[in-house]
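Feature list (source: TrEMBL):
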DOMAIN    43-734  domain 'Myosin motor'
BINDING   G137, E138, S139, G140, A141, G142, K143, T144  ATP binding site
REGION    613-635  region 'Actin-binding'
COILED    872-1065  coiled coil
COMPBIAS  1065-1096  compositional bias 'Polar residues'
REGION    1065-1099  region 'Disordered'
COILED    1121-1240  coiled coil
COILED    1300-1394  coiled coil
DOMAIN    1487-1764  domain 'Dilute'
Amino acid sequence: IIKDYKEGDESLHLKLEDETLYEYPVDLQGNELPLLRNPDILVGENDLTALSYLHEPAVLHNLKVRFLESNHIYTYCGIVLVAINPYEQLPIYEEDVIYAYSGQNVGDMDPHIFAVAEEAYKQMARDEKNQSIIVSGESGAGKTISAKYAMRFLATVGGSPSETNIEAKVLASSPIMEAIGNAKTTRNDNSSRFGKYIQIGFDKRYHIIGANLRTYLLEKSRVVFQAEDERNYHIFYQLCASANLPEFKDLALTCAEDFFYTSQGGDTSISGVDDADDFEKTRHAFTLLGVKESHQMTIFRIIAAILHLGNLEFQAEQGGEACSILSEDEHLNNFCSLLGVEHSQMQHWLCHRKLVTTAETYVKTMSPQLVVNARNSLAKHIYAQLFKWIVQHINKALHTTVKQHSFIGVLDIYGFETFEVNSFEQFCINYANEKLQQQFNLHVFKLEQEEYMKEGIPWTLIDFYDNQPCIDLIEAKLGVLDLLDEECKVPKGTDQNWAQKLYDRHAGSQHFQKPRMSNTSFVILHFADKVEYQSEGFLEKNRDTVYEEQINILKASKYQMVASLFQDEKDAAPTTSVTKGTSKISVRSARPVIKAASKEHKKTVGHQFRNSLRLLMETLNATTPHYVRCIKPNDKNLPFKFDPKRVVQQLRACGVLETIRISAAGFPSRWSYHDFFNRYRVLMKKRDLSKYDKKQICQTLLEDLIKDPDKFQVGRTKIFFRSGQVAYLEKVRAAKLRAATIMIQKTVRGWLQRAKYKRLRQAAIIIQRYTRGHLARRLAEHRRRTRAAIIFQKQYRMLRILRAFQRVRNATITIQAFARGIGRNELPPMEKIILAEHKATILQKYARGWLARTHFHRIRGATIVLQCYYRRMKARQELKALKIEARSAQHLKKLNIGMENKVVQLQRKIDEQNKEYKLLNEQLSALTSAHSSEVEKLKKELVQYQQSHQGDGSQLVSFQEELEHLRLELEKAHGERKVVEDSYVKEKDLLRKRISDLEEENALLKQEREELSTIPYPCEDELSQSMIEENSQMKKELEEERSRYQSLVKEYSRLEQAYDNLQEEMTQTPGHRRSPSNQSSLESDSNYPSISTSEIGDTEDVIQQAEEVGVEKAAMDMTVFLKLQKRVRDLEQERKKLQTQLEKKEQESKKSQVIEMKNEVTSDHEDFAYNSLKRQELESENKKLKNELNELRKAIADRATQNNSSSDVQDSYNLLLNQLKSANEELEVRKEEVLILRTQIMKAAQQKGTGKITESITSNASWPNSDKHIGQEDAIEAYQGMCETNRTLVTLADWCGPFLRLLEAQLQDQRREHEEEVEALKNQVDAIKEEMEKQQQALLQTTLQLSPEVQVEFGIQQEITRLTNENLDLKEMLENLENNEKKLNKQLKIYMKKVKDFEASQTTIPAERSQHERKMQAAVQRKEKDFQGMLEYYKEDEPLLIRNLITDLKPQAVSATVPCLPAYILYMCIRHADYINDDQKVHSLLTSTINGVKKVLKKHNEDFEMTSFWLANTCRLLHCLKQYSGDAGFMTQNTPKQNEHCLKNFDLTEYRQVLSHLSIQIYQQLIKIAEGILQPMIASAVLENESIQGLSGVKPMGYRNRSSSMADGDSSYSLDAIIRQLNVFHSIMCDQGLDPEIVQQVFKQLFYMISAVALNNLLLRKDVCSWSTGMQLRFNISQLEEWLHGKNLQQSGAAQTLEPLIQAAQLLQLKKKTSEDAEAICSLCTSLTTQQIVKILNLYTPMNEFEERVTVAFIRDIQTHLQERNDPPQLLLDFKHMFPVLIPFSPSSITMDSIHLPASLNLEFLKKV
């Protein structure tokens, strides 16, 4: 209002929103003023019921602003969702939007169809009550697509966890139903010509288990007739478009224009629609729903037959009383062949009918018009039966045997329709809408009543429109439908007679009218509008006549499916007549029932529709309804065009305005006390604010502001206002704020003016000061210059007079001189000439000198220029050459580096060979000494033997031969030693020569490098830039590859989880239980190969390995050079392993005597008592054994002469040999224990004397590895037992003595054979080395002629080839050795078995032996030696190890120990299994470990601490396997002690890959748990919580925030809650020793999720898009950034993930008016897409009237600036996106021998080695 209005003025002066002036005329008589406009803060509100003024203009204006300016197509109106069809595809239906709305309250997000579906799903789960979503609207308003999106949301949110894929089948029913039930009309290109109710069933877990489909009133007349510019059902045109397919040749179809049933509407195509493509989608949907291919072909045959039926031509006969069809009619032949019926019968009964009387039956001809009607009826009936069959099979496919717990129904039904010609279909449609509107009004009224009663507000009766009289007019007794059915029963009933009965019966009804100009039409006043119906065709459509003879022909079809379509009708007739009132009609568009001898069906269409509608209403009344009203904004289907008249008409028709009216009649505006207090606290007094009761404060304020108590009501939790009161409160609040603003402005402006005055005054004073100074300086300067001028004048005048005086004086003197010289003689002429010539000569000299110098300088300058040009040319040439040399120098540098490495390697090789040479010398000397000692022993024995047995010559001969053999062997050993020394010297010389050559070459290369380094390299910047780009590109590719790889791992874990779920379901099925399997998941799922020492190096093996573990892309992505380099390293390692194995075999062949001697030398000499006792014991026993050995040898000799059977001796020898070994081992153990006891006794005696020995023994005697102490008596008894044991063992050794000699001989033979094999292998190695050196020399000669690059590549290839060949040879040798070892192991097992049999045969020995074994086990535990970082366990203890260390372990149990202790323990167990070379044990332990970790994580799949604990341990175990793998790349940071703990026998690369997969899975589970904890907090804490108190204002909220969908209780969170939770996460991961790099990646992922969820909520919520929210958001983000800085996580990249959210907050705070603002926004918001920027600007809402809205022109300007961007089309961020995790290698500084096992782990069965 721009001019005050006074009562009596004739007009009202207004200013519109577009700045135009308008003069509104006022009716003085009625005094009606225009309706008041809502405050600007309420314009564009999400909920229409939140408007203060509720009337049609306000509702229409709000919808228009949202639709045109903000492009929001959804708006709430109480419980109704108003959906305006945009006629344009919008990016608001993606899967990320579904997840954004999932789990949210309805009022928390912007209006959306997904919000309604989520509301229904949530109420079903919370209230356990069935739900319904009712979608209605005009044709073309978007009902079908809205219902489809609702089903898609339910299918996504409630998807079945099993593999039944039922949700996909539910969605697949849509294209089928659209094909057979949708058609093009004048209003819509895809109009649903039937109503459908899809009932989606859920189980107790609220997963979709099935669905059921009901259809209502299929428009069968469209099959035979289409109006102009309309089409038949889509399936006909789809089939014609695909007629050229080979499988459809038998259908005899052509284009759609050739068939009568598809060409009546004119154009048979739809712009933008490909019928052939849609047909493929329809066929795919049929297949997905399980419809067989044969049934599909039959369906298409029936549809094609209908088209041929429409093209039949009838010839009139008998003057138009009869007609016939030619037998040659092509379409009749096709019709009969396609349906499999008899041609002649169909030809006859299409033109004849049968009349049955009581006496006889007549066959009567029919007129052409009756024949056409009968044909059309037959076509409609066939299509209707086919439609019903398809629906039944869809229901069969969607049916489930699982019990349905609840369901959500989606009703997609036709809206209110009115055309120029309205017939029976429009009558039924409007009748259904009357019923739905009645149910809608009652539900809205009921909700209002419940709200008032809940809040304790006095209930006043609200008058609302009740359309029961109109419904009674239609369905009551003798109503329209009853009269129609009655007229159909009359033999000669007509439409005119029926219309006349309507006039007579209902003329007095207020909802019935008779048109003035027609006697065949009638008008019904519906709730939406009055509609005039033409009665023509009502009876025929209600009867739905089909002749029995034609149906019988179809029943006799040779196709089973065609016959089955019509078989059920005859059988169903009696049942339908009996159950007339109670039978359920599930899906019936037209269900004709044939009489026994009549042409009509028993039930009319109207009767069936009324029953099905009644069942529908019963279903809806038993559920909680949710309403979606679709609005068509214009009739031309133009995008974002708004026709107010059409919209208002539809709003009235769909009941939206009725909802507004019901709300406006009561208290439409409702505020919670908290929101009201925050919004209007500026109106409250200071003394009121001091109170604590907000309810009392609000009530006091309202009583002061609103004098009429009827204008508001105070409820229990809310305040209720009449219409307009909120606007009044907003006006008062704005006035108060305006007054406060004026006061602030006044004060600020006064302060500004005063400051300005002071500033001006001070400036004036300064200017005056400087001006006065300037004037004074100028005066002084003037005076100084005046004085100087006077002095200048004085001096000048004096000088001028002086010069004049001198000039006169000089002239006088000259005159005097000439005068005086007149008298003198003048000079002679000759002298004058000479003088002149002399002067001329002097001038010439100087002139010629100047000319010569000038010429010289010119020539010298030209020469210098030429020299400069020439030198520059030479310099350029030299520079070019230097550039080329510089480029090649890079490769020379690399080659230089390689040469240095080779020199180092050769030096190492020399050292190794020196060590090997020393070792061989030591071995040779040991063998020599052993041989010499043995020879001496044998000589002595020979002498003794000769003395004792002189007569036995044969035995002597044998000893002589043996002695001779030993001598030969010794000589051979000396020869071998010489050969080895010679080869060593030669090889050493060659290597030294090679090293010297390489050093010289290295020196040359270094010199060249130094020379090149002095030359400037101009392209260094370009090269560095290119290198940076290549590195960034490679990093990007690596990240993508890692992301793909980890997504595969994630998919694998998901499939594994699904497999486990299926197993659980199978185990839970009754009658099919099974015990849990112990089979490892690695063997069953992953199919990982067992441990192998061979390397997988070549490309084919790598690809095969990648296929086995499920990785799409393995090492093939690496360059060839890196592959070959890795291959070289692997081959070199394998060669080293083979050499070490050969050395081990050589060492094992040596006698145990050498080892014992070394051990004796290197033993610990600290304990003197122990060593002395041990020496005495050994000396005494040695003497005894020597004596007994001599006696045994004599006995053996005696027995050898007596026994001739060598086989018995050999068997007994083997048995006794094994027994001797075991006895010796036990003897050594017992000796150790006895010595320990003796030392303890001696120490105690020395310390406390003889009187305190017992106390010392009692206190100090303990067994190693045991917690039980022994007393004095026990110790003495144990010592006596040991002595007895020693004596028994000595007797046993005496008994075994005779066989020692045979044992020694056999060992000598084996050693000799083994040495021969070793020598052969050495010779082969030497030959290979010589070959290698020759090849290297040839290679050097050839490569020196090539370029440096080619030299390097060629050298690498040759080296790889050589190493590969060498490796293959070594592999063959190793395989042979392994075969021999297997044979020996088999023989050993056989011998061991024989020994066991022999032990069983002994009766007295077993008891003693068992006692000895028990003592031996205890002694093994007590043996004290240095801990080697290995843990030993028995195979049967492995399940106990896994249970105590993994399955039952709590993180708190090891919180006070070394981080990742279980990983270290597991590695020590693995290391011992590797040490004993037991591959089965390693495989079993690792498999059990991985399965145990998986089991724990599955059990604790929501425990962050447990998941983080096992992520840390899994990564640590992976790092240990790398650190101690023996690979040089992982051992760079190891200490020498740690290098001793490396694995020796097995390569666990494959298990490292498995552990890497497991680590990624655990990481993903950890992120999932953390996101599940944080996600509910984010929106409330980041967007809603007031971190800065009093900054944000509160807007009026609509019905949605007070609906039943809101969960009880306060679910709000503060930012401190998120920070506390982040602190918990951080402390848990750090305490458990998780790698810092992984911790950083975890928080980067979590901060990305926080940013994505917060930004998605911001993009979907209008209430948070304001300046104050931007301020709050920026403050909250700064808090998160400070937390990152405090935790030293700023390098993790987490802060960068917050960039989109930061820019969104800045966008909310920036100015949004001018073009400069638009440019600033575009340059600032680089991390936001164009759609996100525009969406935020559209959602931006002023919280006060002092803020301005964003204009449409500004948004268009933004879009123009952002046109060049290539942003992705998606609106929301994918908050489920997971960055690829990188697990870097992190070696541990802890050594294995320093780890202590706590007793709380219950791992006593583990033995330290």
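For all residues, glycine too, the Cβ spot is worked out from N, Cα and C.
Mapped onto this structure are the features recorded in TrEMBL.
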| residue | record | CB count, 10 Å |
| --- | --- | --- |
| G137 | ATP binding site | 27 |
| E138 | ATP binding site | 25 |
| S139 | ATP binding site | 20 |
| G140 | ATP binding site | 21 |
| A141 | ATP binding site | 24 |
| G142 | ATP binding site | 25 |
| K143 | ATP binding site | 27 |
| T144 | ATP binding site | 23 |
Surrounding residues of the region 'Actin-binding' (613-635) on its own chain - C-beta under 8 Å, 6+ positions past either end: 67, 77, 79-87, 113, 116, 119-120, 123, 127, 129-138, 140-143, 146, 150, 187, 197, 214, 216, 409, 411, 415, 431-432, 435-436, 439-440, 443, 584-585, 641-643, 646-647, 650-651, 654-656
Residues close to ATP site centre defined by G137, E138, S139, G140, A141, G142, K143, T144, Cβ within 8 Å: N85, N188, S191, G415, C630, K632
Tally of residues which DSSP labels helix, strand or coil - the region 'Actin-binding' (613-635): 9 helix, 8 strand, 6 coil
Overall pLDDT for the coiled coil (872-1065), taken as the rounded mean: 75
